[in-house]
Structures are given as C-alpha cells and as structure tokens.
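**Q** Taken from Swiss-Prot, the feature N-linked glycosylation site applies to Asn373, Asn463, Asn535. Positions annotated as phosphoserine by Swiss-Prot, on the basis of similarity to another entry: Ser556. Marked as region '2 X approximate repeats' by Swiss-Prot: 170-424. Residues or ranges marked as region 'Disordered' in Swiss-Prot: 535-559. As annotated by Swiss-Prot, repeat '2' applies to 302-424.
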Amino acid sequence: MGTVSRAALILACLALASAASEGAFKASDQREMTPERLFQHLHEVGYAAPPSPPQTRRLRVDHSVTSLHDPPLFEEQREVQPPSSPEDIPVYEEDWPTFLNPNVDKAGPAVPQEAIPLQKEQPPPQVHIEQKEIDPPAQPQEEIVQKEVKPHTLAGQLPPEPRTWNPARHCQQGRRGVWGHRLDGFPPGRPSPDNLKQICLPERQHVIYGPWNLPQTGYSHLSRQGETLNVLETGYSRCCRCRSDTNRLDCLKLVWEDAMTQFCEAEFSVKTRPHLCCRLRGEERFSCFQKEAPRPDYLLRPCPVHQNGMSSGPQLPFPPGLPTPDNVKNICLLRRFRAVPRNLPATDAIQRQLQALTRLETEFQRCCRQGHNHTCTWKAWEGTLDGYCERELAIKTHPHSCCHYPPSPARDECFAHLAPYPNYDRDILTLDLSRVTPNLMGQLCGSGRVLSKHKQIPGLIQNMTIRCCELPYPEQACCGEEEKLAFIENLCGPRRNSWKDPALCCDLSPEDKQINCFNTNYLRNVALVAGDTGNATGLGEQGPTRGTDANPAPGSKEE
C-alpha cells in the first residue's frame with residue numbers, strides 16, 4: 001500500500017507539473033501577441049530577467065533580422081504610430097528599434113505618445129539637412145549660368161559707334177568683302193568756291209587706287225572709277241600751285257570736267273551698262289555727276305596708315321624682337337641702319353640692355369653672312385637674352401620681368417611679347433610721294449636714307465630736299481611738287497634710256513596721265529630710314545641730304 005500510494009502521488013505531481021508547464025507556454029504565446037504585454041516583456045527582460053533570449057537580442061541589435069522573423073511586430077507598430085508623411089516611412093522603419101528601447105526603459109510599457117515627439121524631432125532635422133545640401137548648389141549654378149550667358153550676349157552685340165568721325169569708316173584701301181557699284185567718293189564733287197580750300201588743303205590726302213586695293217575680276221567698272229580719281233587728284237595737285245584763287249578754281253573745274261569726260265569715254269568703250277550720267281551730254285552730264293557726288297565737300301580722308309614714327313628721344317629698342325622667317329630680311333638688310341640711341345641715362349639697367357643689344361648685333365652679323373640664316377639668328381637671340389638674365393639675376397635689384405622665368409619657351413614668349421619693334425623696323429618710315437604736303441617735306445628735310453628698288457627715287461628726293469628745304473615752311477610743298485614734275489619730265493625725256501620703266505609710264509602722254517602713272521607705280525610707297533645714318537655713309541652710298549647730284553647715272557639700268 002505504501003508503495004502504491006507513493007507511486008500514485010508521484011504520478012499526480014508529474015501530471016500537475018505537466019499541466020502547469022503547458023499553461024505557461026500558452027500564456028507566454030498570448031503575451032507576445034499583444035502590444036501591451038510585448039512592452040512589459042521587454043521591460044522585464046531589460047531589468048529583471050537573466051540574459052535575454054536570442055530573439056530579444058536580435059530585436060535590439062539587428063532589426064532587419066527581426067523584421068523577417070516577426071512581421072506582425074512591425075505591423076502592430078505601424079498601427080500604433082502611423083507615419084506623418086510618406087517621406088518619413090523609411091526613417092521610422094530604420095530608427096524605430098533605436099528609439100523604442102530607451103523610451104520603454106524610461107516610461108514603462110505603454111507610452112506611445114512620448115515616443116512620438118522623439119520620432120518627430122529627429123527625422124525633420126535630417127530631412128531639412130538634406131534640403132539644404134541639395135538646394136544651395138542649385139542656386140549658385142543658376143547664378144553662374146546667368147553670369148556666363150549675359151556677357152556672351154553683350155559680347156555678341158556690336159558696341160555703339162562713337163559720334164566722332166572715323167577716317168576708316170569709309171576706307172576703300174585694303175578693303176575686303178562685298179563690293180558695290182561705285183567706289184567711296186565717286187563721282188567726285190564739282191569744284192566750287194565752297195570746296196576750293198578743302199581741295200587744295202595741304203593736309204588733305206587721298207586714296208590711290210590700283211590692283212592692291214581693287215578686285216581684279218568681275219569689277220572692271222571700279223577700276224575705271226579708280227583710274228578717274230587718280231587722274232583727278234594728280235590734276236588737282238597741279239592746279240593748287242596757282243597763287244590766285246580765281247586761276248586755281250578755273251584750273252580745278254577744267255581738270256574735273258576733263259576727268260569726267262574721259263571716264264564716260266572709258267565707260268562706252270566696253271560692252272557693259274555705262275554710268276547713268278554718261279548717257280547725258282554737256283552740262284546735263286556734269287550736273288548729273290555733281291548731284292550724284294556723295295561728298296561734294298571733299299572731307300573724306302584716306303585709310304589710316306599704321307606707320308612707325310621716327311624715334312623721339314633716347315629710347316632703347318629693348319627687348320629685341322624674336323627672329324622669324326618674316327623679319328630675318330630686315331634683321332640682315334637693315335642691320336647697318338640700326339643705330340643705338342645716344343645720350344642714354346647712365347644707369348646700370350640700361351647699360352646691361354645696351355650691352356645685350358650690342359652683343360646680339362654682332363651675332364646677327366655672323367648669321368647674316370651665312371645667307372640670312374633664320375635658325376642662327378634665333379639661337380643668337382635666345383642665348384643673348386639668357387646671358388642678359390644671368391647678369392640681371394646676379395644683382396640684388398629688381399630684375400627684368402621676363403627674367404623671373406627660367407630658361408624656357410615661357411621666357412622667350414615674354415621677351416617676344418614685350419618687343420617694341422618685332423619687325424626690326426624702328427627707323428623705317430613709309431612715305432607717299434604721290435602728293436607733296438608740308439608734313440611730307442618736314443619728314444624729307446630731316447636726316448635720313450631712302451630705301452627703294454628704283455634707283456631714280458633717291459635722286460628725286462635729293463633734288464627735292466636740296467632745293468626746297470631751305471625755303472620757308474609754307475613754300476616747301478609747292479617747291480617739292482615742282483621738283484617732282486621736273487624730275488619725271490627729265491626721266492621720260494633726255495634720260496629715257498638710262499633706266500627701265502616696267503610700268504611704261506613714259507609711253508603715256510605727258511601731264512596728268514603720265515604723272516598719275518608715276519604716282520601709282522613708283523612713288524606711292526617709299527621707305528625712308530630716319531635718324532643718324534653716319535655709320536652707313538662709308539659704304540658707297542650717300543643720304544638724300546648729302547651730296548650734290550643724285551640723278552641716275554647715264555647708262556645705268558635697274559630692274
């Protein structure tokens with residue numbers, strides 16, 4: 001009995017223990033299904049329970065794994081705390097486990113209202129920061145685009161022309177582009193008492209037309225107009241020498257009428273439509289030309305000529321220009337005319353520049369003996385300036401700005417950019433002898449040397465300077481024009497066989513046409529070497545103001 005009763009008691013205890021165990025598991029499952037019991041369970045695990053179960057650690061540490069194993073848990077969280085906006089959904093899903101545990105620890109099992117402020121406080125700054133990071137770059141970008149577009153628009157617009165008269169606005173010389181039916185200034189204005197002084201104004205210059213500034217195909221009417229203007233200006237120069245205004249005006253009118261008549265004859269000699277005024281006759285023709293004249297006051301100026309003026313004052317041509325295939329001829333052919341200015345300030349910097357120029361000219365002389373060797377001149381230029389920079393840097397003063405560069409193409413480019421005379425033409429002045437003016441005589445009466453492939457040109461200039469430079473300034477131009485005409489008459493008369501006439505000017509009839517041919521082909525561009533040429537006089541040549549007879553020697557032929 002005792003044994004049986006003990007066995008029954010043990011079985012009863014086991015049954016009770018089994019029943020209690022099943023009830024505990026069911027209660028545990030029910031507690032996990034409710035959010036209130038969930039928070040309480042987490043609270044108990046955090047403070048009173050032994051080491052938390054693996055499932056609870058995964059919730060605290062790895063919420064992504066928990067979301068896979070417990071989908072109802074996150075669904076329940078969304079029901080309790082819905083997101084304020086669709087943009088906040090990823091923020092709440094990421095940060096929910098992080099803010100969940102501290103709130104539960106501090107406030108107890110069910111405190112969703114206290115968790116809401118924390119959730120609302122943290123995400124908005126994060127979203128606001130993202131907006132600040134994205135928006136500011138967009139605004140400067142718009143500003144940059146506006147700044148870049150506006151200058152481009154302004155650069156594309158032509159600036160307003162100045163109100164002052166521009167001599168190059170109506171310039172025909174060297175013109176490029178579309179040509180019209182007439183040259184600028186054609187037909188010329190008819191001489192009258194109103195424009196008499198302007199026509200004979202010594203400072204008034206005119207454009208000489210020829211193949212260099214007129215199209216050679218398809219515009220023969222422009223060539224006829226240019227020839228008429230050339231002949232007209234030649235006649236004007238002759239008439240303006242008359243001392244009486246009455247005789248001068250009568251001469252100008254006859255020259256103008258004769259030029260217009262010859263123009264119409266040339267118009268009818270070709271099978272093209274003639275000028276509309278040429279269809280008339282007599283006074284009606286002249287009145288038509290007078291009415292069609294674009295500038296009856298003769299205020300048109302010629303194209304601005306970019307000339308290198310004579311050296312004024314002691315100026316040192318430093319740094320020298322970079323030798324190139326284009327200027328190597330000037331380097332060699334004009335070397336004997338390049339004189340170093342005198343009376344320079346005795347400063348160390350200028351003396352070092354002068355020493356460099358003197359050394360460079362010596363090297364140029366060696367290179368020119370090799371047949372205008374461009375490579376030799378370039379190496380001499382580079383070596384001379386490198387040596388100059390070595391001396392500059394050896395002194396504790398401010399060296400030349402280009403010497404701050406090391407020996408490199410950058411230094412060479414710096415010196416070449418600062419060269420005042422890159423073509424080595426400092427003392428070369430291009431003169432136009434087609435119209436003798438007081439300014440022209442002022443340039444010819446100075447010390448200089450003429451460079452021309454035509455040997456008769458230096459003789460002409462010497463006759464003009466010897467006989468006219470001693471006269472009063474107002475009379476020099478008239479004297480020079482008379483000497484020019486006399487010299488042309490002499491060349492086409494007794495000395496006709498002493499020189500070659502490539503343009504066949506002497507075959508034309510004397511007076512205006514012949515003189516115009518000389519002006520166009522021989523006297524338009526004459527190079528004059530200005531300054532002191534004393535060092536070059538011992539080479540078998542004399543300057544225009546030194547010597548007594550510069551006429552071409554009989555029998556001397558020149559190309």
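Residue 1 is the first one shown; counting continues down the chain.
Even glycines carry a Cβ here, placed using N, Cα and C.
Keep in mind it's a predicted model, so treat the numbers as computed, not measured.
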**Q** Helix, strand or coil by DSSP: which one applies to Asn463 (N-linked glycosylation site)?
**A** helix
**Q** To the nearest whole angstrom, what is the C-alpha distance linking Asn463 (N-linked glycosylation site) and Asn373 (N-linked glycosylation site)?
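**A** About 38 Å separates the two Cα atoms.
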**Q** List every residue in the same chain as Asn373 (N-linked glycosylation site), at least 6 positions away in sequence, whose Cβ is under 8 Å from its Cβ.
**A** Val328, Cys367
**Q** So for Asn463 (N-linked glycosylation site), how many other CB atoms are inside 10 Å of its CB?
**A** 20
**Q** How does the repeat '2' (302-424) divide up by DSSP, counting helix, then strand, then coil residues?
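**A** Within the repeat '2' (302-424) the tally stands at 64 helix, 0 strand, 59 coil.
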